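Enquirer: The structure that follows is given in the form of structure tokens.
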Amino acid sequence: MSAVWIAVIAISLLGLIFGLILGYASRRFAVQDDPVVEKIDELLPQSQCGQCGYPGCRPYAEAVGAQGEKINRCAPGGEAVMLKIAALLNVDPQPVDGDEQEAEPVRMLAVIDEPNCIGCTKCIQACPVDAIVGATRAMHTVMNDLCTGCNLCVAPCPTQCISLVPVATTPETWKWDLHAIPVRNIPVEQHV
């Protein structure tokens with residue numbers, strides 16, 4: 001019985017000592033993040049698509065906040081995100097990259113030519129929003145509501161059976177962009 005108590009006490013002391021060491025190390029070696037970069041990162045859509053030229057939303061936020069990168073390079077976020085970043089940084093809004101060609105951007109959707117799909121799962125691994133479903137050596141398909149049209153699934157496909165097609169805006173496919181609607185709080189006078 002005494003050997004059990006010695007083991008319990010020894011493990012408890014080791015846990016306490018290691019906990020104190022980890023607590024000290026977390027405070028001593030803490031990395032302070034730039035609060036502006038954090039706020040910019042919160043505004044970005046977090047699709048990690050790479051259309052801005054950076055490998056994800058966090059590196060783009062760091063480039064905008066610390067290095068003065070253009071605020072108009074986020075294609076999935078569009079004008080709404082660009083306006084929020086401009087307001088946060090107190091800079092003038094800029095036209096979103098690619099807006100010179102089109103007045104209204106067309107939503108793109110990945111489509112898989114299912115008879116040619118070999119089920120290699122490379123597109124599933126490349127999709128940042130998990131919009132592609134399927135099993136190994138089985139046909140894959142794209143969930144239309146989740147696809148952002150980021151084009152990251154096209155290049156890894158060995159059979160070239162994935163293509164991006166434009167989706168026409170119809171009453172069935174149109175959705176509200178709630179972030180583009182300005183919201184104001186109007187004070188209400190209370191009568192006693």
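Placement of Cβ uses the backbone N, Cα and C atoms for every residue, glycine included.
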Enquirer: Which residue of CYS57, CYS74, CYS157 does Swiss-Prot report at the same [4Fe-4S] cluster 2 site as CYS117, CYS120, CYS123?
Expert: CYS157
Enquirer: Hey, Swiss-Prot has [4Fe-4S] cluster 3 bound by CYS147, CYS150, CYS153. Any idea which of CYS127, CYS161 it lists too?
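Expert: Same [4Fe-4S] cluster 3 site in Swiss-Prot: CYS127.
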Enquirer: Out of CYS127, CYS147, CYS150, point to the one nearest CYS49 ([4Fe-4S] cluster 1 binding site) in space (Cα versus Cα); all of them are binding-site residues in the record.
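Expert: It is CYS150, whose Cα lies nearest.
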Enquirer: Neighbourhood of the [4Fe-4S] cluster 2 site (CYS117, CYS120, CYS123, CYS157): other residues with Cβ within 8 Å of the Cβ centroid, in order?
Expert: ILE112, ILE118, GLY119, THR121, LYS122, ILE124, HIS140, CYS153, PRO156, PRO158, THR159, CYS161, ILE162
Enquirer: Which bits of the chain, at least 6 residues beyond where the domain '4Fe-4S ferredoxin-type 1' (108-137) starts or stops, bring a Cβ under 8 A of a Cβ in it?
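Expert: For the domain '4Fe-4S ferredoxin-type 1' (108-137), the list is 47-49, 143-144, 146-159, 161-167.
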Enquirer: Determine the most Cβ-crowded residue among the binding-site residues CYS74, CYS147, using a 10 Å radius around each Cβ and all protein chains in the structure.
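Expert: The residue with the most neighbouring Cβ atoms within 10 Å is CYS74.
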Enquirer: Of CYS52, CYS57, CYS74, CYS150, CYS153, which is closest to CYS123 ([4Fe-4S] cluster 2 binding site) if I measure between C-alpha atoms? They're all binding-site residues.
Expert: CYS153
Enquirer: Please list, in sequence order, the residues in the chain of CYS127 ([4Fe-4S] cluster 3 binding site) that are at least six apart in sequence and whose C-beta is under 8 Å away from its C-beta.
Expert: LEU152, CYS153
